[in-house]
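J.: Pasting the relevant annotations from Swiss-Prot:
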- 325: active site, proton donor (ACT_SITE)
- 139, 141, 222, 365: Ni(2+) 1 binding site (BINDING)
- 222, 251, 277: Ni(2+) 2 binding site (BINDING)
- 224: substrate binding site (BINDING)
- 134-572: domain 'Urease' (DOMAIN)
- 222: N6-carboxylysine (MOD_RES)
């Protein structure tokens, strides 16, 4: 039997089991754990499209119709990177969802075929490419609609949060308050190739105004200190969430006016909620909001400006905070409020808590102390910095960083999906899930994706001059594709709503075009359900020195002086 070398094989069909590759210009290396395309029994039955290649009539392309099982699209020889594994496989898409992960081809001429390529099957060649689930950003201030395109080009395909545009309340808080505003935002969602879900305002001491927002379709409620996150408001909001199977997100009381972190924890009575910017620079009880990392009912996340900790982090935060929270630098009390939230000791500890799997999620805090297009970049920069400073994680080897890669990718894919009750639809590369997939060249991984699919159809891509004779000539930049136009928008993306809203027929009442999907199974979620990120240590924060300990271990690290995934990728 004729053979070829591993390098030649990888260049032709992409890496196979045992091959390794570097993620962008980081120190992170992943190794292919398995090759599902070998279900044919051995090498030699790979499928590939092109002149003189195998996906031709009577070869790897069968005569089967769609009704007989042929896929709508097959992504060939992809390197899937997800929380469950790092594997080589073909990916079959059908009806906007992931249908099969395995071996594609023609069952009439090839053994071990899991998915059928037919005359009606499109091919996306992924040889040498990484495929991930679309990212989920669960802390969005919907300040301007242009955020959505920015996020999509970064590899984010689901945005959850609140707001009504550049209103003062939205600058500071992720709330879409009241049924009228909620209706308008749900109607606006139809225009974008992005899965969207909205949070109502949760700050109220009586339930009626909260129920009317959930009945209007919000997926949860946001408690924000700028609206008064008192123990009474916390308890009432969680009462309503428990009754409606919706989530609560909390930005707690930085000034400790209505109570301390102990009072907030007590007010939850063990009921589940999401703790945004758990370190506290983005807001929350000063200086010890990090204590909630050790609570099973708090699902902790970080917003990206503090991640990772660098020599520039502290300097940019005071001005950022003054603008976002409508503060006046000429008022001493406002300046003191801002400075109380910026603590190098807790920011340094935040990096390590992510590496330990104690903080479970990443998000942006878009335009409100966060950068909407940098969730994925900063996740992997943090992973790189922690490998440099802390070395290998248990479970990794001298050959690879697979466990660290799975831990960090889970922070912006499966874990926010679980936390917000949408993991039945999105958050991973698994059969049955909505086909929101991102294709990356390894050298550009986490920075600039090549192709972004929404519901199995290409919605955004790095594309060259439309007047050129081929697709690749400069200027190459992100351009909306056909999945981002016309009726394809509504067919390719979901709007997440409450079950109460679905029951109230908001689709018809509000005249919504997108498919509505109800959030579910939220109230039983605990920290232990955060994949690869379920560590709940006993947290201690010294009120005088701000030093942080987890299970007695002092958490401190140096700020990074330089980072990968930065200037060399953004010359233009």
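Just so you know, the numbers here start at 1 and follow the chain as drawn.
Using N, Cα and C of the backbone, Cβ positions are placed for all residues, glycine too.
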J.: Take the C-alpha atoms of residue 139 (Ni(2+) 1 binding site) and residue 224 (substrate binding site) and report the distance between them in angstrom, rounded.
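T.: Their Cα atoms are separated by 12 Å.
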J.: Using Cα coordinates, what distance in whole Å links residue 224 (substrate binding site) and residue 251 (Ni(2+) 2 binding site)?
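T.: Cα to Cα, residue 224 (substrate binding site) and residue 251 (Ni(2+) 2 binding site) are separated by 5 Å.
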J.: Could you tell me the C-alpha distance between residue 277 (Ni(2+) 2 binding site) and residue 365 (Ni(2+) 1 binding site) in angstrom, no decimals?
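T.: About 9 Å separate the Cα atoms of these two residues.
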J.: To the nearest whole angstrom, what is the C-alpha distance linking residue 365 (Ni(2+) 1 binding site) and residue 251 (Ni(2+) 2 binding site)?
T.: 12
J.: Pop the mean pLDDT for the domain 'Urease' (134-572) in here, whole number is fine.
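T.: Across the domain 'Urease' (134-572), the average pLDDT comes out at 96.
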J.: I want to verify one value. Collapsing DSSP to three states, which class is the residue listed as 'substrate binding site'?
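T.: Its secondary structure by DSSP: strand.
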J.: Using the centroid of the Cβ atoms of 139, 141, 222, 365 as reference, list every other same-chain residue with Cβ within 8 Å of it (recorded Ni(2+) 1 site), in sequence order.
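T.: Here the non-site neighbours turn out to be 140, 161, 162, 173, 174, 249, 251, 276, 303, 363, 364, 366, 368, 370.
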J.: Name the residues of the same chain, 6+ apart in sequence, whose Cβ is under 8 Å from the Cβ of residue 141 (Ni(2+) 1 binding site)?
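T.: Once residues fewer than 6 apart are set aside, residue 141 (Ni(2+) 1 binding site) is near 161, 162, 163, 170, 171, 172, 173, 174, 365, 366, 367, 368.
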J.: Long-range same-chain neighbours of residue 222 (Ni(2+) 1 binding site), Cβ under 8 Å, sequence gap at least 6?
T.: 162, 173, 174, 175, 199, 200, 201, 202, 248, 249, 250, 251
J.: Which one of these binding-site residues has the most other Cβ atoms within 10 Å of its own Cβ: 139, 224, 251, 277?
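T.: That would be 139, with the highest Cβ count within 10 Å.
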